[in-house]
Amino acid sequence: MTASLPTAREPGTAYRIGTVCLGNICRSPMAATVLGELVDRAGLADRVEVSSCGTGGWHVGQPMDERAASTLRAADYDGSDHRAQQLGPGWLAYDLLLAMDEDNLAGVHALAGEVDPARVRLFRDFDPVGPGEVPDPYYGGPQGFADVLAMVERTGVAIVAALERM
Ligand code: 4NP
């Protein structure tokens, strides 16, 4: 049993999903690229927008980490348009913010004070394999990036299935 999606804040406008990590150059842009592509393939592109940000600002304006980008390319996803953005108050208007790990979730809570727990949660709350974190691959080897891709693909499929049921 996976989590259910919160209702749209403004019916009739695009449902906005933001993925959140630390640097916004590895995990959350990988998740947003894959989820965005799955949304597109499902024919939901005019109803759902997906973007990503990081709780830290060190990489703002930079493209994705090359290891993340090449992991995506090898699986036929294109993350070349990504430029890193930092989490700020505007993101709190999203319908759903999905944090990659508990630290990132705490970062959203630190910005927001009180949040609707249905709208700010861990990305893997929707993972059909079970809940958990998407571990930070930045200081590790290629397997970490492959693991991130597998997690975001299977979880993205489940999120799109839930979007189709909305
Ligand atoms: P991300 O990975 O949060 O998945 O984008 C990281 C990127 C950069 C850093 C840490 C994690 N950093 O320390 O610069």
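Note that Cβ sites are derived from N, Cα and C of the backbone, with glycine treated the same way.
In TrEMBL, annotation is done automatically, which means it is predicted and not curated.
It should be emphasised that the depicted structure is a prediction, and the values quoted were computed from it without experimental measurement.
The active site, nucleophile annotation in TrEMBL covers Cys21. Per TrEMBL, the feature active site maps to Arg27. The active site, proton donor annotation in TrEMBL covers Asp136. According to TrEMBL, the feature domain 'Phosphotyrosine protein phosphatase I' maps to 15-162.
Around the Cβ of Arg27 (active site), 33 further Cβ atoms fall within 10 Å across all displayed protein chains. DSSP assigns Asp136 (active site, proton donor) to coil in the three-state reduction, outside any helix or strand. Confidence annotation: the domain 'Phosphotyrosine protein phosphatase I' (15-162) carries a mean pLDDT of 98 in the model.
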